[in-house]
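Features reported for this protein in TrEMBL:
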- 100-200: domain 'Fibronectin type-III' (DOMAIN)
- 201-224: transmembrane segment (TRANSMEM)
Amino acid sequence: TAAVDLSCVWHNLEYMVCRWRPGENASSDTNYTLFYWFDGLKNHKKCNNYSMHQGIFVCIFNLSFPKVTNPYPTIRILIRGDSEEIRPVCASENPTTLVKPATPRRVTLSKINDEIYVEWSESDTFPENCLFYEVEYHNGDLDTTQIIKVENNYTSIPSVDPNSRYIFKVRAKPKPECYSSKLCSDWSEEKSIGEKTDSTFHFVLIIIIPLTVAVSTIILLVYLKRLKILILPPIPDPREILKRMFGEQNEDSQVSKKL
């Protein structure tokens, strides 16, 4: 009946999210309550922000330690049911192993000559020099992805292709010398810069431009020919004129003889 698969994550040194599943033999209407305590608290505290999704209990509570605390004290968690039939579960956690930084925000890209500059906002809840960052980027024309590690909240990518579009995203990780956590933040939203060359568009242009020029040339030649006829009508051939004149005279003489 006891809660199982308890896991907690300390988000951005601000609040903790704990998840667990009900015990196999617990009834479907069993309610669990989470309490926590650490050295420095006079009394244990109760988590009141509960939710349930797809059979998993979730509880969220604010968690901060006095700034003078170093190292962080162990946090103790108790989960018990609303009846004596539910067995309680106790857990002790080193909070530094549960740290997950917030997703980097306000990622900005700028381009100067053949170099791209990337910058993002720093977290204001972590001590200075306790986070490092991973910047993932790739050329929109290629499938290969590159990841670079940086200590600050900015970096630059030199020698980029001026005719390609580049896509970037950033995430934060705790430094081992500050925290024992292996968790990293979620990736930031992708940002892109530059123009991606469209081979299909170029292929269409290669076909359309010569065809358009050819059609335009034919139309122009026909128009010029008609214009030439209007301005400089053809001079009649004298032989044709004489031929028609003698032909008409012969016809007239034959008609006179019949009469």
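Think of each number as a place in line: the chain as shown, counted from 1.
Including glycine, each Cβ sits where the backbone N, Cα and C put it.
Because TrEMBL annotations are produced automatically, they should be read as predictions rather than curated entries.
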State the mean pLDDT for the domain 'Fibronectin type-III' (100-200).
89
Going by DSSP, how much of the domain 'Fibronectin type-III' (100-200) is helix, how much is strand and how much is coil, in residues?
2 helix, 41 strand, 58 coil
